[in-house]
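Undergrad: Heads up, here are the entries from TrEMBL:
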- 109-265: domain 'Alpha/beta hydrolase fold-3' (DOMAIN)
- S191: active site (ACT_SITE)
- 320-381: domain 'Alpha/beta hydrolase fold-3' (DOMAIN)
- D348: active site (ACT_SITE)
- H378: active site (ACT_SITE)
Amino acid sequence: MMKLLSGFTLLLAVAVAYYIYIPLPREIPEQWKLMVLDATFRGVVSMGDVAHSLGLSHSVHVINSAIVNFESLVPITNQEIQAEDILFDGVHVRVYHPPGREQKLRRAVMFIHGGGWALGAPKLGSYDSLCRQMAADLDAVVVTVDYRMAPDVHFPVQYEECVQAAKHFLNPEVLAKYSVDPERVAVCGDSAGGNLAAAVAQRIGIDNRTSVKFKLQVLIYPVLQALDFNTASYQQNHNVPILYRRLMARFWLEYLDADPDLVHSIMMNKHTAQDQSLLSLNRSKLNWTNLLPKRVIKHYKPVFPLTGSPSILKDVPALLDSRAAPLLASDEVLRTAPRAYIMTGEHDVLRDDGMMYARRLELAGVSVTNDHYEDGFHGCVSFAFWPLHFSVGIRAVHNYIAWLDEHL
């Protein structure tokens with residue numbers, strides 16, 4: 001009996017190790033920690049897919065429930081920072097106030113959380129810790145936008161709610177209420193939040209009715225386009241956790257309320273094949289062979305089939321909408337954008353999105369700092385806090401807050 005139990009335990013241990021282990025680039029530190037995190041997330045995604053296939057719940061709701069339950073376990077940091085939950089023009093936000101609210105004018109940061117426009121708990125856990133740290137380290141008012149998410153709403157709702165919140169906050173009377181210097185306001189976001197932050201910065205930049213503009217934009221490994229799922233970074237990192245190429249494609253389809261069965265087609269760039277005339281005005285905006293430095297292109301080549309599926313762009317026109325894909329904005333729009341800090345990670349499928357946007361902003365005359373991490377991977381900023389404490393995430397948080405402190 002003991003031999004049977006020992007054998008079963010050994011087989012179980014081997015199975016668990018096999019499920020957890022994935023080969024990772026040697027530059028990524030703390031590899032087993034990332035493997036365990038990724039295995040847990042993959043397990044949750046699988047449970048969500050099973051629940052969805054059985055008609056029990058939408059997969060996104062299952063995944064987000066697990067995230068909220070985990071984030072609720074994270075202790076509150078910087079408890080001296082006061083948090084106020086309020087509505088900005090009907091949009092839920094949380095405002096973080098540093099202690100000692102004397103009459104001096106403070107800086108401010110509007111933060112937009114990531115999670116594929118579908119996941120995330122902006123008032124809990126790592127995002128709450130991040131906003132509290134920004135408020136404490138910068139002695140700034142920080143506003144985090146709790147926009148509604150997919151699958152309950154789809155594009156352009158997330159975008160419009162962030163625009164609404166931004167316009168409300170940038171109203172001189174509202175800034176005065178929170179003792180914020182109107183010349184020192186930044187917009188910031190990570191991943192899908194970086195997408196929304198870039199899009200909001202573009203919208204505010206061209207809006208003649210908005211007298212107060214953002215001074216800075218901080219984009220943390222932003223997702224900025226869905227026309228090329230075979231950039232050099234997508235090819236290099238398609239199987240690097242925690243954001244796999246297939247998962248990013250799924251997020252895009254959910255955000256744009258498109259048929260999820262299109263995932264394979266868009267991963268193969270069938271929506272952007274060489275015979276697609278609708279792309280004629282946009283190809284140069286994401287031509288990474290021209291926009292990226294050779295050191296990141298390496299040996300990778302563009303992947304665009306000769307013939308594709310023209311119905312995709314017709315059925316999902318938002319793929320060509322710069323409100324959803326800020327990399328597609330015109331040069332005229334980019335010229336109105338604020339000074340930018342763009343964080344990228346070498347081992348992130350979205351690396352080239354950020355780098356292409358940095359280059360396009362530079363060509364439009366906008367000052368850009370591209371802070372690139374050779375050991376960086378997607379989500380590392382969120383993993384800087386308890387209980388994960390990834391070293392690259394801790395460095396990344398420190399460095400981008402230091403940049404804000406210097407330039408805001």
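Backbone N, Cα and C define each Cβ position, glycine as well.
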Undergrad: Could you state the whole-number distance in Å separating the C-alpha atoms of H378 (active site) and D348 (active site)?
TA: 5
Undergrad: Over the domain 'Alpha/beta hydrolase fold-3' (109-265), what is the model's mean pLDDT?
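TA: Averaging the confidence scores along the domain 'Alpha/beta hydrolase fold-3' (109-265) gives 97.
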Undergrad: Might you list, by sequence position, any residue in that chain lying six or more from D348 (active site) with a Cβ less than 8 Å away from its Cβ?
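TA: Listed in sequence order, they are Y221, S233, N237, V240, L243, G376, F377, H378.
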Undergrad: Give me the non-local Cβ neighbours of S191 (active site): same chain, 6+ apart in sequence, Cβ-Cβ under 8 Å, ordered along the sequence.
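TA: The list for S191 (active site) reads G114, G115, G116, I220, Y221, P222, V223, L243, L350, H378, G379, given in order along the sequence.
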Undergrad: List the helix, strand and coil residue totals of the domain 'Alpha/beta hydrolase fold-3' (320-381) as derived from DSSP.
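TA: Tallied per class, the domain 'Alpha/beta hydrolase fold-3' (320-381) gives 21 helix, 19 strand, 22 coil.
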